[in-house]
Amino acid sequence: MGNAFKKRPPVVIILGIDDSGKTSVLYSLQKKNIDTVQPTVHSPLENLKINKYKMMAWDLGGKDKVRNLWRHYFVGSDAVLFVIDSSNRDRLMESKQELAKLLNEPLLKDVVFMIFLNKCDLPNAMTQQEIEDQLQIESILPPPQNASDLNRRIKIVTTSAISTNQNNSNIQDSFIWIIDQIKDRKKNFKKQLNRQQSVQ
Ligand SMILES: Nc1nc2c(ncn2[C@@H]2O[C@H](COP(=O)(O)OP(=O)(O)O)[C@@H](O)[C@H]2O)c(=O)[nH]1
Ligand SMILES: [Mg+2]
């Protein structure tokens, strides 16, 4: 009998405040795979194919009023892709606040976090260093409770959803990193489980 749960592709939720470029990032990724994906009308749940791997992505709304709906997607998600508009200095703190909430969310404690500093093609975009100085990720992470908290899987990259081959491969590589991290996490989890069972 097939195990539907085990076989399901990894799920990523794409979050971030409105206008950061969440949908554009997804589109840019799909354009790259135009030969392999079926033409689909955009829906909140998109099926992706990254190299040989299947993945599912929730592209959720980021307006203030609908952000409280994000939590309904936490259970069952393997990764969060958090998108920041690096050209918008006025709203960087708003992004930081939302990111801090997510990083402190117990249901997301073990998921992989990928942070896109998007729109890096714009001339007024802040550099990664500038943004990291303001985000101070270390300061918004909850205090670690155990070893795995110390090794949270978080990566920050600059991206542009404007279609060029270089941008596409950047975004593509980031998704491959997400998939690798999810696989690694599952492997560790299985190892732990085996260890616990052998002790009992
Ligand atoms: N220059 C530039 N514009 C972008 C980029 N990503 C998104 N945009 C623009 O930003 C606006 C918001 O993008 P959208 O994907 O709808 O954002 P969402 O609300 O987070 O889904 C649109 O006008 C996009 O064309 C980018 O990487 N570079
Ligand atoms: Mg959108």
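Heads up, the Cβ atoms here are built off N, Cα and C, so glycines get one too.
Some features that TrEMBL has for this protein:
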{"type": "BINDING", "residues": "Gly16, Ile17, Asp18, Asp19, Ser20, Gly21, Lys22, Thr23, Gly62, Asn118, Lys119, Cys120, Asp121", "note": "GTP binding site"}
{"type": "BINDING", "residues": "Thr23, Thr40", "note": "Mg(2+) binding site"}
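Features per TrEMBL, on structure.
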residue	record	DSSP (3 states)
Gly16	GTP binding site	coil
Lys22	GTP binding site	helix
Gly62	GTP binding site	coil
Lys119	GTP binding site	coil
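The two recorded residues Gly62 (GTP binding site) and Thr23 (Mg(2+) binding site) have their Cα atoms spaced 10 Å from each other. Taking Cβ-Cβ distances under 8 Å and a sequence gap of 6 or more within the same chain, the neighbours of Ser20 (GTP binding site) are Gly62, Val83, Ile84, Asp85, Asn88, Ser95, Asn118. Binding of GTP is attributed in the record to Gly16, Ile17, Asp18, Asp19, Ser20, Gly21, Lys22, Thr23, Gly62, Asn118, Lys119, Cys120, Asp121, and the widest Cα separation among these residues amounts to 22 Å. With a cut-off of under 6 Å between the Cβ and any atom of ligand 2, the binding-site residues Asp18, Lys22, Gly62, Lys119 reduce to Lys22. The two recorded residues, Thr23 (Mg(2+) binding site) and Lys119 (GTP binding site), show a Cα separation of 13 Å. Local packing around the Cβ, expressed as the count of other Cβ atoms within 10 angstroms, is greatest for Gly16 among the binding-site residues Gly16, Gly62. Within 10 Å of the C-beta of Asp121 (GTP binding site) we count 15 further C-beta atoms, all protein chains included.
A 10 Å cutoff on Cβ-Cβ distances gives Lys22 (GTP binding site) a total of 26 other Cβ atoms nearby, all chains included.
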